[in-house]
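Asker: Starting off with a structure, shown below.
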Amino acid sequence: MKQENALRHNWTKEELLAIYNKPLMELVYEAASVHRQWHNPQEIQISTLLSVKTGGCPEDCSYCGQAARYHTNIKVQALLPTETVLAHAKKAKDSGSSRFCMAAAWREVRDNRDFDRIIEMVKGVNELGLEVCCTLGMLSESQAQRLQEAGLYAYNHNLDTSEEFYDEIISTRKFDNRIETIKNVRKAGITVCSGGIIGLGEKPADRISMLRSLANMEKHPESVPINALARVAGTPLEHLPKIDIWEMVRMIATARMVLPSSMVRLSAGRIEMSEVEQAWCFMAGANSIFTGERQTLLVTPNPGVDEDMEMLKNLGLKPMQKEVKETCSMS
Ligand code: SF4
(Lines of atoms letter the chains of each structure in order from A and count residues from 1; the text may use other names and numbers.)
(Lines give C-alpha, C1' and ligand atoms only; values in the text may rest on other atoms or scores of the structure.)
Protein backbone atom coordinates (compact mmCIF):
# COMPACT_ATOMS: atom_id res chain seq x y z
CA MET A 1 0.00 0.00 0.00
CA LYS A 2 1.23 3.49 -0.82
CA GLN A 3 2.36 5.60 2.08
CA GLU A 4 2.94 9.09 0.74
CA ASN A 5 4.30 10.21 4.08
CA ALA A 6 6.94 7.47 3.86
CA LEU A 7 8.77 9.36 1.11
CA ARG A 8 12.08 10.78 2.25
CA HIS A 9 13.82 13.85 0.90
CA ASN A 10 16.87 13.97 3.15
CA TRP A 11 19.10 11.11 2.01
CA THR A 12 22.80 11.29 2.76
CA LYS A 13 25.46 10.05 0.34
CA GLU A 14 26.55 7.49 2.95
CA GLU A 15 23.04 6.03 3.22
CA LEU A 16 22.72 5.79 -0.55
CA LEU A 17 26.14 4.23 -0.97
CA ALA A 18 25.31 1.67 1.72
CA ILE A 19 22.20 0.68 -0.26
CA TYR A 20 24.05 0.61 -3.60
CA ASN A 21 26.80 -1.61 -2.15
CA LYS A 22 24.57 -4.16 -0.42
CA PRO A 23 25.15 -7.80 -1.41
CA LEU A 24 23.38 -8.02 -4.76
CA MET A 25 20.75 -10.63 -3.86
CA GLU A 26 19.86 -8.73 -0.71
CA LEU A 27 19.60 -5.47 -2.62
CA VAL A 28 17.36 -6.93 -5.33
CA TYR A 29 15.14 -8.64 -2.73
CA GLU A 30 14.69 -5.41 -0.76
CA ALA A 31 14.07 -3.33 -3.88
CA ALA A 32 11.54 -5.89 -5.16
CA SER A 33 9.76 -5.71 -1.79
CA VAL A 34 9.56 -1.90 -1.94
CA HIS A 35 8.38 -2.18 -5.54
CA ARG A 36 5.48 -4.40 -4.42
CA GLN A 37 4.42 -1.94 -1.71
CA TRP A 38 4.07 0.92 -4.17
CA HIS A 39 3.27 -0.59 -7.56
CA ASN A 40 1.63 -3.53 -9.24
CA PRO A 41 4.73 -5.63 -10.06
CA GLN A 42 2.98 -7.24 -13.02
CA GLU A 43 2.54 -3.98 -14.88
CA ILE A 44 5.06 -2.26 -17.11
CA GLN A 45 4.37 1.15 -18.53
CA ILE A 46 5.04 1.29 -22.25
CA SER A 47 6.06 4.69 -23.51
CA THR A 48 6.74 5.54 -27.11
CA LEU A 49 9.41 8.06 -27.93
CA LEU A 50 9.44 9.89 -31.24
CA SER A 51 12.15 12.24 -32.39
CA VAL A 52 10.21 15.17 -33.86
CA LYS A 53 13.38 17.13 -34.70
CA THR A 54 16.63 15.23 -35.08
CA GLY A 55 20.30 16.26 -34.97
CA GLY A 56 22.03 19.57 -35.50
CA CYS A 57 22.04 20.39 -31.78
CA PRO A 58 24.47 23.13 -30.67
CA GLU A 59 25.16 21.45 -27.30
CA ASP A 60 28.22 19.23 -26.73
CA CYS A 61 26.85 16.34 -24.62
CA SER A 62 29.66 13.79 -25.10
CA TYR A 63 27.27 10.85 -25.28
CA CYS A 64 24.94 12.27 -27.92
CA GLY A 65 24.94 11.52 -31.61
CA GLN A 66 22.71 14.52 -32.26
CA ALA A 67 25.31 17.14 -31.31
CA ALA A 68 26.18 19.00 -34.54
CA ARG A 69 29.88 19.13 -33.67
CA TYR A 70 30.42 15.34 -33.72
CA HIS A 71 30.81 13.42 -36.96
CA THR A 72 28.13 10.79 -36.60
CA ASN A 73 26.00 9.23 -39.29
CA ILE A 74 22.79 10.63 -37.84
CA LYS A 75 20.53 12.21 -40.44
CA VAL A 76 19.44 15.72 -39.54
CA GLN A 77 15.66 16.09 -39.73
CA ALA A 78 13.76 19.39 -39.35
CA LEU A 79 10.62 19.55 -37.20
CA LEU A 80 8.15 16.96 -38.47
CA PRO A 81 4.71 18.07 -39.70
CA THR A 82 2.02 17.90 -37.02
CA GLU A 83 -0.07 15.39 -39.05
CA THR A 84 2.92 13.02 -39.24
CA VAL A 85 3.46 13.21 -35.48
CA LEU A 86 -0.22 12.59 -34.77
CA ALA A 87 -0.22 9.57 -37.08
CA HIS A 88 2.73 8.14 -35.11
CA ALA A 89 0.92 8.82 -31.83
CA LYS A 90 -2.21 7.02 -33.03
CA LYS A 91 -0.12 4.03 -34.08
CA ALA A 92 1.64 4.00 -30.70
CA LYS A 93 -1.70 3.99 -28.91
CA ASP A 94 -2.96 1.13 -31.07
CA SER A 95 0.19 -0.85 -30.20
CA GLY A 96 -0.41 -0.57 -26.44
CA SER A 97 1.47 2.59 -25.44
CA SER A 98 -0.08 4.78 -22.78
CA ARG A 99 2.48 7.58 -23.01
CA PHE A 100 3.81 9.37 -26.06
CA CYS A 101 6.99 11.39 -25.74
CA MET A 102 8.14 13.88 -28.37
CA ALA A 103 11.81 14.82 -28.45
CA ALA A 104 13.43 17.75 -30.22
CA ALA A 105 17.21 18.17 -30.34
CA TRP A 106 17.23 21.76 -29.17
CA ARG A 107 19.38 23.49 -26.59
CA GLU A 108 16.35 25.39 -25.39
CA VAL A 109 12.86 26.26 -26.47
CA ARG A 110 12.49 29.55 -28.34
CA ASP A 111 9.24 31.45 -28.59
CA ASN A 112 8.87 31.03 -32.33
CA ARG A 113 6.74 29.24 -34.94
CA ASP A 114 8.35 25.87 -34.13
CA PHE A 115 7.20 26.15 -30.53
CA ASP A 116 3.69 27.03 -31.76
CA ARG A 117 3.79 23.79 -33.76
CA ILE A 118 4.89 21.81 -30.70
CA ILE A 119 1.91 23.27 -28.85
CA GLU A 120 -0.39 22.01 -31.65
CA MET A 121 1.21 18.56 -31.40
CA VAL A 122 0.73 18.45 -27.61
CA LYS A 123 -2.95 19.34 -28.01
CA GLY A 124 -3.42 16.71 -30.73
CA VAL A 125 -1.73 13.87 -28.81
CA ASN A 126 -3.65 14.81 -25.67
CA GLU A 127 -6.91 14.57 -27.61
CA LEU A 128 -5.99 11.00 -28.59
CA GLY A 129 -6.14 10.09 -24.89
CA LEU A 130 -2.42 9.49 -24.42
CA GLU A 131 -0.26 10.95 -21.68
CA VAL A 132 1.83 13.53 -23.52
CA CYS A 133 5.46 14.10 -22.67
CA CYS A 134 8.03 16.37 -24.32
CA THR A 135 11.77 16.77 -24.12
CA LEU A 136 12.79 20.00 -25.81
CA GLY A 137 15.77 21.29 -23.83
CA MET A 138 15.75 24.19 -21.43
CA LEU A 139 12.43 25.81 -20.73
CA SER A 140 11.36 29.13 -19.17
CA GLU A 141 8.51 29.43 -16.71
CA SER A 142 6.16 30.99 -19.29
CA GLN A 143 6.97 28.30 -21.89
CA ALA A 144 6.25 25.60 -19.32
CA GLN A 145 2.95 27.31 -18.59
CA ARG A 146 2.01 27.29 -22.31
CA LEU A 147 2.79 23.58 -22.54
CA GLN A 148 0.71 22.86 -19.46
CA GLU A 149 -2.24 24.76 -20.89
CA ALA A 150 -1.95 22.71 -24.10
CA GLY A 151 -2.31 19.53 -22.02
CA LEU A 152 1.29 18.45 -21.48
CA TYR A 153 1.40 15.77 -18.78
CA ALA A 154 5.15 15.31 -18.32
CA TYR A 155 8.39 17.01 -19.26
CA ASN A 156 11.61 15.06 -19.56
CA HIS A 157 14.79 16.80 -18.50
CA ASN A 158 17.49 14.42 -17.30
CA LEU A 159 20.14 15.39 -14.81
CA ASP A 160 22.44 13.26 -17.02
CA THR A 161 25.06 12.62 -14.31
CA SER A 162 26.26 13.96 -10.96
CA GLU A 163 26.86 17.63 -10.34
CA GLU A 164 30.52 16.79 -9.60
CA PHE A 165 31.07 14.94 -12.91
CA TYR A 166 28.92 17.20 -15.05
CA ASP A 167 31.71 19.31 -16.59
CA GLU A 168 33.45 16.15 -17.83
CA ILE A 169 30.44 15.31 -19.98
CA ILE A 170 28.96 18.65 -21.05
CA SER A 171 30.57 22.09 -21.23
CA THR A 172 27.81 24.08 -22.93
CA ARG A 173 25.54 24.19 -19.88
CA LYS A 174 25.68 23.67 -16.15
CA PHE A 175 24.04 21.21 -13.81
CA ASP A 176 22.18 24.17 -12.27
CA ASN A 177 20.56 24.92 -15.64
CA ARG A 178 18.95 21.49 -15.47
CA ILE A 179 17.64 22.11 -11.97
CA GLU A 180 16.26 25.48 -13.07
CA THR A 181 14.24 23.97 -15.92
CA ILE A 182 12.90 21.24 -13.64
CA LYS A 183 11.74 23.94 -11.22
CA ASN A 184 9.97 25.78 -14.06
CA VAL A 185 8.22 22.55 -15.06
CA ARG A 186 7.07 21.98 -11.48
CA LYS A 187 5.83 25.55 -11.10
CA ALA A 188 3.63 25.04 -14.17
CA GLY A 189 2.08 21.92 -12.62
CA ILE A 190 3.57 19.48 -15.15
CA THR A 191 4.91 16.15 -13.90
CA VAL A 192 8.67 15.66 -14.04
CA CYS A 193 10.59 12.91 -15.82
CA SER A 194 14.25 13.09 -14.86
CA GLY A 195 17.02 10.55 -14.53
CA GLY A 196 20.41 10.00 -16.05
CA ILE A 197 22.93 7.81 -17.78
CA ILE A 198 25.44 5.34 -16.40
CA GLY A 199 28.53 4.13 -18.21
CA LEU A 200 29.89 7.61 -18.99
CA GLY A 201 33.11 6.90 -17.09
CA GLU A 202 31.62 8.10 -13.79
CA LYS A 203 32.29 6.47 -10.42
CA PRO A 204 29.66 4.82 -8.21
CA ALA A 205 29.86 7.95 -6.03
CA ASP A 206 28.65 10.00 -9.03
CA ARG A 207 25.71 7.66 -9.59
CA ILE A 208 24.80 8.01 -5.95
CA SER A 209 25.16 11.76 -6.08
CA MET A 210 22.83 11.96 -9.09
CA LEU A 211 20.23 9.76 -7.37
CA ARG A 212 20.55 11.87 -4.24
CA SER A 213 19.84 15.04 -6.25
CA LEU A 214 16.64 13.40 -7.53
CA ALA A 215 15.59 11.85 -4.22
CA ASN A 216 16.14 15.05 -2.25
CA MET A 217 14.00 17.20 -4.54
CA GLU A 218 11.01 18.72 -2.78
CA LYS A 219 8.81 16.43 -4.86
CA HIS A 220 10.25 13.28 -6.41
CA PRO A 221 10.19 13.12 -10.23
CA GLU A 222 7.21 10.98 -11.24
CA SER A 223 9.42 9.22 -13.82
CA VAL A 224 13.09 8.36 -13.48
CA PRO A 225 14.77 7.02 -16.64
CA ILE A 226 17.94 5.06 -16.01
CA ASN A 227 19.91 4.87 -19.25
CA ALA A 228 22.97 2.78 -20.06
CA LEU A 229 25.28 4.65 -22.39
CA ALA A 230 24.47 3.87 -26.02
CA ARG A 231 27.93 4.17 -27.55
CA VAL A 232 27.37 6.17 -30.73
CA ALA A 233 30.18 6.09 -33.31
CA GLY A 234 31.68 9.54 -33.79
CA THR A 235 30.96 10.78 -30.24
CA PRO A 236 33.76 11.25 -27.69
CA LEU A 237 32.46 8.32 -25.60
CA GLU A 238 32.15 5.78 -28.41
CA HIS A 239 35.02 3.62 -27.14
CA LEU A 240 33.94 3.32 -23.50
CA PRO A 241 33.23 -0.25 -22.36
CA LYS A 242 29.69 -1.56 -22.17
CA ILE A 243 28.24 -1.10 -18.70
CA ASP A 244 28.11 -4.28 -16.63
CA ILE A 245 24.54 -5.53 -16.17
CA TRP A 246 24.97 -5.86 -12.40
CA GLU A 247 25.87 -2.19 -12.17
CA MET A 248 22.67 -1.41 -14.03
CA VAL A 249 20.69 -3.66 -11.69
CA ARG A 250 22.28 -1.99 -8.64
CA MET A 251 21.42 1.44 -10.01
CA ILE A 252 17.80 0.50 -10.69
CA ALA A 253 17.39 -1.18 -7.30
CA THR A 254 18.84 1.84 -5.49
CA ALA A 255 16.57 4.18 -7.47
CA ARG A 256 13.58 2.01 -6.53
CA MET A 257 14.51 2.10 -2.82
CA VAL A 258 14.92 5.88 -2.59
CA LEU A 259 12.26 6.93 -5.11
CA PRO A 260 9.59 4.35 -4.26
CA SER A 261 6.60 6.12 -5.77
CA SER A 262 8.32 6.99 -9.08
CA MET A 263 8.16 5.02 -12.30
CA VAL A 264 11.70 3.75 -12.87
CA ARG A 265 12.28 3.53 -16.59
CA LEU A 266 14.68 1.22 -18.33
CA SER A 267 15.72 3.39 -21.23
CA ALA A 268 18.66 3.65 -23.65
CA GLY A 269 21.01 0.69 -23.88
CA ARG A 270 18.22 -1.90 -23.64
CA ILE A 271 19.12 -3.27 -27.08
CA GLU A 272 22.36 -4.62 -25.60
CA MET A 273 20.52 -6.46 -22.81
CA SER A 274 19.20 -9.98 -23.12
CA GLU A 275 15.67 -10.83 -21.99
CA VAL A 276 17.16 -12.39 -18.84
CA GLU A 277 19.09 -9.22 -18.07
CA GLN A 278 15.99 -7.08 -18.55
CA ALA A 279 14.08 -9.46 -16.27
CA TRP A 280 16.63 -8.72 -13.54
CA CYS A 281 16.02 -5.01 -14.05
CA PHE A 282 12.25 -5.52 -13.69
CA MET A 283 12.80 -7.60 -10.57
CA ALA A 284 14.97 -4.78 -9.16
CA GLY A 285 12.10 -2.34 -9.61
CA ALA A 286 12.10 -1.02 -13.17
CA ASN A 287 8.47 -0.68 -14.26
CA SER A 288 8.59 1.28 -17.46
CA ILE A 289 10.24 0.90 -20.84
CA PHE A 290 10.57 3.00 -23.93
CA THR A 291 9.72 1.63 -27.28
CA GLY A 292 10.61 3.55 -30.37
CA GLU A 293 9.26 3.19 -33.84
CA ARG A 294 11.43 1.64 -36.52
CA GLN A 295 13.31 -0.06 -33.66
CA THR A 296 15.12 3.08 -32.64
CA LEU A 297 15.16 5.14 -29.50
CA LEU A 298 15.75 8.61 -30.91
CA VAL A 299 18.89 7.81 -32.88
CA THR A 300 20.10 4.58 -31.26
CA PRO A 301 18.88 1.00 -31.79
CA ASN A 302 16.08 -0.28 -29.54
CA PRO A 303 13.99 -3.47 -29.42
CA GLY A 304 10.82 -3.29 -31.54
CA VAL A 305 7.30 -3.18 -30.07
CA ASP A 306 6.52 -6.77 -31.08
CA GLU A 307 9.70 -8.04 -29.46
CA ASP A 308 8.87 -6.13 -26.28
CA MET A 309 5.34 -7.49 -26.14
CA GLU A 310 6.69 -11.01 -26.56
CA MET A 311 9.15 -10.41 -23.72
CA LEU A 312 6.41 -9.12 -21.41
CA LYS A 313 4.33 -12.18 -22.20
CA ASN A 314 7.26 -14.50 -21.45
CA LEU A 315 7.81 -12.77 -18.11
CA GLY A 316 4.14 -12.75 -17.10
CA LEU A 317 4.00 -8.96 -17.29
CA LYS A 318 1.42 -6.75 -18.96
CA PRO A 319 1.31 -3.19 -20.33
CA MET A 320 0.04 -0.66 -17.82
CA GLN A 321 -3.06 1.27 -18.76
CA LYS A 322 -2.92 5.05 -18.76
CA GLU A 323 -2.39 6.35 -15.23
CA VAL A 324 -5.08 8.41 -13.57
CA LYS A 325 -3.84 11.97 -13.91
CA GLU A 326 -2.42 13.42 -10.75
CA THR A 327 -2.58 17.11 -10.10
CA CYS A 328 0.97 18.19 -9.54
CA SER A 329 1.38 20.25 -6.45
CA MET A 330 3.10 23.52 -7.12
CA SER A 331 6.49 23.79 -5.50
S1 SF4 B 1 21.51 15.30 -25.44
FE2 SF4 B 1 20.02 16.82 -26.14
S3 SF4 B 1 20.99 18.78 -25.64
FE4 SF4 B 1 22.65 17.24 -25.61
S5 SF4 B 1 23.50 17.28 -27.71
FE6 SF4 B 1 21.93 15.69 -27.65
S7 SF4 B 1 20.08 16.68 -28.39
FE8 SF4 B 1 21.51 18.29 -27.80
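Every residue gets a Cβ built from N, Cα and C, even glycine.
Predicted, not measured: the structure shown is a model, and the values here were computed from it.
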Asker: Can you pick which of Arg8, Arg265, Arg270 TrEMBL lists for the same [2Fe-2S] cluster site as Cys101, Cys133, Cys193?
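Answerer: Only hit among Arg8, Arg265, Arg270 in TrEMBL's [2Fe-2S] cluster site, alongside Cys101, Cys133, Cys193: Arg265.
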Asker: For the [4Fe-4S] cluster site (Cys57, Cys61, Cys64), what does the 8 A shell look like? I mean other same-chain residues with CB within 8 A of the CB centroid.
Answerer: Glu59, Asp60, Tyr63, Gly65, Gln66, Ala67, Ala105
Asker: Using a 10 angstroms cut-off on Cβ to Cβ distances, just flag whichever of Cys101, Arg265 is the loneliest among these binding-site residues.
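Answerer: Among the binding-site residues Cys101, Arg265, the lowest count of other Cβ atoms within 10 Å belongs to Arg265.
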Asker: Suppose we screen the binding-site residues Cys101, Cys133, Cys193, Arg265 by Cβ distance to ligand 1 with a cut-off under 6 Å; which survive, in sequence order?
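Answerer: Going through Cys101, Cys133, Cys193, Arg265 in sequence order, none turns out to be close to ligand 1.
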Asker: Cys64 ([4Fe-4S] cluster binding site) to Cys101 ([2Fe-2S] cluster binding site): how many Å between their Cα atoms?
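Answerer: So the Cα of Cys101 ([2Fe-2S] cluster binding site) lies 18 Å away from that of Cys64 ([4Fe-4S] cluster binding site).
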